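According to Swiss-Prot, the region 'Disordered' annotation covers B:1-29. If you look up Swiss-Prot, you'll see B:CYS103 marked as substrate binding site. Positions annotated as Zn(2+) binding site by Swiss-Prot: B:HIS121, B:HIS123, B:HIS201.
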Protein chains: 4
Amino acid sequence: MQNVQQPKKRKLSDEIIAEDEDYQRDPEHPRNLIPEICRLLYSQEAMTGSGGAISMRRNDKIYVAPSGVQKERLQPEDMFVINDDGDTLKLPLNGKICRMSQCTPLFLTIYRLRGSECVIHSHSKRAVLATIISSGNEFRISDLQMIKGIYKRTENRNYRFGEEVVIPIIENTPTDPELQENLVKAMENYPDTCCVLIRRHGLYIWGTTWQQAKLMYECYEYLFDIAIQLKQLGMN
Amino acid sequence: MQNVQQPKKRKLSDEIIAEDEDYQRDPEHPRNLIPEICRLLYSQEAMTGSGGAISMRRNDKIYVAPSGVQKERLQPEDMFVINDDGDTLKLPLNGKICRMSQCTPLFLTIYRLRGSECVIHSHSKRAVLATIISSGNEFRISDLQMIKGIYKRTENRNYRFGEEVVIPIIENTPTDPELQENLVKAMENYPDTCCVLIRRHGLYIWGTTWQQAKLMYECYEYLFDIAIQLKQLGMN
Amino acid sequence: MQNVQQPKKRKLSDEIIAEDEDYQRDPEHPRNLIPEICRLLYSQEAMTGSGGAISMRRNDKIYVAPSGVQKERLQPEDMFVINDDGDTLKLPLNGKICRMSQCTPLFLTIYRLRGSECVIHSHSKRAVLATIISSGNEFRISDLQMIKGIYKRTENRNYRFGEEVVIPIIENTPTDPELQENLVKAMENYPDTCCVLIRRHGLYIWGTTWQQAKLMYECYEYLFDIAIQLKQLGMN
Amino acid sequence: MQNVQQPKKRKLSDEIIAEDEDYQRDPEHPRNLIPEICRLLYSQEAMTGSGGAISMRRNDKIYVAPSGVQKERLQPEDMFVINDDGDTLKLPLNGKICRMSQCTPLFLTIYRLRGSECVIHSHSKRAVLATIISSGNEFRISDLQMIKGIYKRTENRNYRFGEEVVIPIIENTPTDPELQENLVKAMENYPDTCCVLIRRHGLYIWGTTWQQAKLMYECYEYLFDIAIQLKQLGMN
Ligand SMILES: [Zn+2]
Ligand SMILES: [Zn+2]
Ligand SMILES: [Zn+2]
Ligand SMILES: [Zn+2]
């Protein structure tokens, strides 16, 4: 979590400044939503110890949380703003010295491959346990009402009760950027999925809107939790 | 969760508008209570991922939460108001485009069969696990003080410590409206029950007042939790 | 939870009224502390479903929470005030029709036998599970730092790390007042204890001050939780 | 928890008074941070029953929470201020009669040996269970992303994914000051560690800054929790 993601260059136009001032009037601006959802995930112990990050897109700007900080204390002014190429458009407004989330290359990849507007990366303990109780490279679950909350991309609809949700698990790497290659492969091999699990590390979940990403995050967490509890009960 | 429940017709009288304005002065108005209890259940992870819904009756108006939305963000203005026939009396006051909860036909059935004033539908993980650890079509529990919080309808009193609470479990169906037939049968076959479990899906709980429905919801959840923990401990 | 505890008589003097008005200026007045601690225990799911109650003494007045209500919604004005004989000194100030906690005779017994100033009765799931995993009529635990938070009455000091805490378990009865005889016996046979467990029901905990009662409640809960988790892990 | 830590002497200079008044303007002053983090740990049931304490250093002043009190109710004015020798510089500002945390000698030892600015002592149930499931005198864990949040002191960097975190476990003693000798030995024998576990008691965690101490506390807790859950699942 200590690597430095250097901003490549810096562009500050009047347009950017004006657009950005919106966030004080708009509670659903990424600058407000990212800290709010981080606090929520922190309270679930899925974003403690500075682990995890959230990114949201708004038009051609991508907002990314800083790295290595207490996620429950994030402020709207702490966000980095970048473009699709990863160029820094705005540094944190408060002049704090910090680094962009190390996950940024993965966020950009997901935006590019799926046209999402929100990506959540967390070190959720349920996700980690789900990768350990799954012997192979997939977490599979079915026959639970809550899978109806998961979007099945290739059919442009949500899963049905009788269907099986299959989530690819990729192996962890020494640093987050090295995950990229296997993340791309997993997304190509599992065109339906909105989630990739990383063994003994956590997950990436994305959605067309921030609402969809957050709701699916909750559904996936629910499914992992049921799977873990059934395993504890010796059932499935 | 994506089905559309179309309003059949729309009646807006002065009387309705006037009555409805009460909610800003009355914290126990259904428009205020439904969001409040949804937030509570969300915090218990029993209403995450947009799953579940609550309905309350007040005189001849029935209030129903919208479908597919983040239940912890519901506002008083987001409710649908319908009558006993399911006719829409009022759409959400804020002009938001959303759908009435898909559970609405089941809410109406419960109101009709039991004369309740509040129905809670949740995807509580404890309820789901209770349906999986119960081999047959019933969840049975006894010898716990908290069963004294459950109403025994045919005797118009609460259960006694020595008695057994029996909750019917019906099988899940592809969509919520299809649950109707089996829900009705379960309510007929178990005239005492104030709860029906749906296998791998969740539960419906109702009460004569919203207070009774909420208190019984808490008692049932308590009983499921104890049953699950005893199973994990290899005891009963 | 539905029995009626009728007030025997009613005394309202100027002195009582004056003293009682204090509570609006004193956050540690029983009228404020009882609702506050009830909300805390509710949030731990130890006071849901209207189960449990708290009583505090202040000089010659005993404050008791009402019965059968949502404990997290208690207001300072909802308390009954009684004397050591159980005579009602004041009904709830708000004119609400409700009943005094059914546990009141047990509260009075504990006040009489131990000279306490606060008694907590909860249906804590950990307490219930502790009574089920304990085969006999005692819950025993030792070798945990947190037992140093428990008061050992006959020696007028707290337990030491190497000592064993022994908590008597009495069998549950159809109604709370019937518990009285066995509660008294347990308190006589276990003069050190500040807690009595009731099989498949919950516990009573008391302290010389409200702070001591609350702190010991937390210590006992901690000990039960560790015992249950060790049992789940197959250890002790 | 009842031992008395007597202040040796008392120095009150204008300088101290002035510096101390800062805390009302600075939310990150130790007088504000210690109560805030205590409330957080209390809400996780890691600081209930008056157990545990936090200390922070600011320049040449060391702030220590009082002993035997409800940690979630601490106020900024409740802190003791001492120097490196343990001399009391300031008593609680509110004139309350209370005692400095019994852990104070251990806090001072850690400050001296490691040059830390914050030490957290908690009776975390996860820490206690981690000491019970570990047969020897070490808790070992590896292959989890969250170990990257732990500082490896001798190499002045954080742990890498492939490395193993080893935490020494010392045996508990009748009183906290008696832990000192074994704490020092453990810190000498494990120069990398920022955490010492105490069997059936809890842990001490320290950091160069309060942020580092808090973030590492969260990482260690995460690792203990995963280890315990894997043990419950019969895996590792
Ligand atoms: Zn990560
Ligand atoms: Zn449903
Ligand atoms: Zn009771
Ligand atoms: Zn300690």
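Placed from the backbone N, Cα and C atoms, the Cβ positions cover glycine too.
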- [ ] Output, ordered by sequence, the same-chain residues six or more apart from B:HIS121 (Zn(2+) binding site) with a CB under 8 Å from its CB, or 'none'.
- [x] B:GLY52, B:ALA53, B:ILE54, B:SER101, B:CYS103, B:LEU106, B:PHE107, B:GLY202, B:LEU203, B:TYR204
TODO: Check each of the binding-site residues B:CYS103, B:HIS121, B:HIS123, B:HIS201 and report back the ones whose Cβ is under 8 Å from some Cβ of chain A.
DONE: B:HIS123, B:HIS201
- [ ] For B:HIS201 (Zn(2+) binding site), write down the residues of its own chain that are at least 6 apart in sequence and whose Cβ falls under 8 Å from its Cβ; none is a fine answer.
- [x] B:HIS123, B:VAL128, B:THR131, B:ASN172
Open item on the list: As a check: which entries in B:CYS103, B:HIS121, B:HIS123, B:HIS201, the binding-site residues, place their Cβ less than 6 Å from an atom of ligand 4?
Closed with: none
Open item on the list: Counting Cβ atoms within 10 Å of each candidate's own Cβ, which of the binding-site residues B:CYS103, B:HIS123 comes out highest?
Closed with: B:HIS123
